[in-house]
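Here Swiss-Prot flags Ser102 as active site, phosphoserine intermediate. Per Swiss-Prot, the feature Mg(2+) binding site maps to Ser102, Asp243, Asp245, Asp247. Residues annotated as phosphoserine in Swiss-Prot, with sequence analysis given as evidence: Ser102.
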Amino acid sequence: MTRKFFGTDGIRGQANSFPMTPEIAMKVGMAVGYIFRRKGQASRAVIGKDTRRSGYMLENALVAGFTAAGMDVFLLGPIPTPAVAMLCRSLRADIGVMISASHNPFYDNGIKLFGPDGFKLSDQIELQIEAMIEGDMTPFLASHGDVGRAKRVDGDIYRYIEFAKRTLPRNISLNGLRVVVDCANGAGYKVAPAALWELGAEVITINNEPNGININEDCGSTHPIGLMKKVHGVRADVGIALDGDADRVLLVDENGTVIDGDQLMAVIAESWAASNRLEGGGIVATVMSNLGLERFLADRNLTLARTKVGDRYVVEHMREHGFNVGGEQSGHIVLSDFATTGDGLISALQILAVAQEQNKPISDVCRKFQPVPQLLKNVRTTGGKPLENKRVKSAIDEAKERLGGQGRLVIRPSGTEPLIRVMAEGDDRGLVEKVVNDIIDVISSESSAAA
């Protein structure tokens with residue numbers, strides 16, 4: 001069934017434009033409230049948000065929807081996405097909501113939904129919500145005496161800080177470690193510096209003054225240049241780059257070099273395998289993860305299971321097949337021993353634990369394999385289905401033939417933006433670049449002609 005509202009990570013779009021309007025947000029609250037409320041019992045939703053200005057608008061619309069459906073609402077304020085998932089369980093809520101567009105610019109926003117177990121909702125429930133939104137909502141409203149209440153709660157941010165701190169082994173301290181944290185002017189701007197400082201690190205914080213429109217603006221995990229310069233400038237041991245909702249993380253070593261999610265997963269996989277903590281005989285990643293990671297794991301008799309892009313698909317595969325480590329090259333790292341979704345802070349703490357335990361610099365700990373030359377480019381489209389175009393199909397087939405068995409080609413539409421992502425990797429860098437550029441040119445040409 002075709003989706004109209006939900007993408008790979010909830011509902012997302014430009015604020016005040018379809019589908020990210022107050023009207024639709026209110027209907028989402030009504031539909032979700034009706035599905036998850038417990039008949040004859042008090043039911044509860046928790047709502048968190050990042051630091052986008054439009055978060056206030058969508059928060060109020062969701063509150064109207066949930067309370068109209070008979071649910072009480074706890075408002076958590078600016079807080080990381082993984083904290084919402086954790087607090088959904090901790091506060092015995094029936095549904096958790098995060099208002100965020102993750103790493104996107106401030107003018108975008110989104111709605112992510114978590115069930116009472118802290119996991120993202122299934123495709124079936126999302127389709128049920130869509131069907132309800134498009135119909136008459138009147139039958140789903142609560143009676144006069146059952147309308148819900150809403151209140152803003154204080155202090156729950158500290159529950160999450162304590163939870164994150166407990167994931168660092170008690171025998172390991174961060175004393176003497178100089179850490180620069182790039183908070184992306186987002187949801188992690190309070191929790192990440194506080195947790196690291198309480199664990200003993202010397203913390204230098206950048207991009208921790210959100211104003212509603214500077215989230216992810218030339219900062220955070222998608223723009224780590226400022227962090228690289230800061231780490232080098234203050235001679236820090238490590239830099240930690242979060243994204244707008246703090247569910248992904250990249251590191252910067254003491255030399256100012258970026259360490260991506262593939263390298264971070266390699267560190268955790270090797271460490272946990274050595275201590276018999278790794279489950280499933282390997283890890284789960286997406287089709288975008290580097291071939292070098294797969295070879296690294298194979299050399300250690302560990303497997304790499306690949307899924308479609310999107311941390312929800314990684315988590316689904318982990319749950320179905322018994323893995324406890326998974327993630328994406330972009331920095332979504334899912335450690336199911338601790339969390340139900342990607343968690344930037346907790347993932348960073350696991351890497352710091354390995355470095356402290358081995359008494360080695362981050363550059364030594366996190367350079368586990370030589371990545372195969374890989375190139376990812378995006379091409380913006382103007383609608384239609386360019387991947388079904390004959391010329392585009394022909395270009396893709398030709399590219400696969402040229403790469404042969406020495407590389408991989410992944411082409412997919414973005415689930416959150418009007419983009420086609422083209423990625424190729426292989427041992428021949430020149431060939432990889434040629435293949436990607438040729439496909440980009442054809443898609444651009446055909447998309448323009450169809451506009």
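Glycine too: its Cβ is placed from the backbone N, Cα and C atoms.
In the structure as shown, the Cβ atom of Asp247 (Mg(2+) binding site) sits within 10 Å of 34 other Cβ atoms. Shown in sequence order, Asp50, Pro80, Thr81, Ser100, His103, Gly186, Ala187, Leu242, Gly244, Ala246, Arg248, Gly342, Gly344 are the same-chain residues outside Ser102, Asp243, Asp245, Asp247 whose Cβ sits within 8 Å of the Cβ centre of the Mg(2+) site. Between the C-alpha atoms of Asp245 (Mg(2+) binding site) and the residue listed as 'active site, phosphoserine intermediate', the distance comes to 5 Å. Rounded to a whole number, the distance between the Cα atoms of Ser102 (active site, phosphoserine intermediate) and Asp243 (Mg(2+) binding site) is 7 Å. Cα of Ser102 (active site, phosphoserine intermediate) to Cα of Asp247 (Mg(2+) binding site): a distance of 8 Å. Other C-beta atoms found within 10 angstroms of the C-beta of the residue listed as 'active site, phosphoserine intermediate' number 30, with every protein chain shown included.
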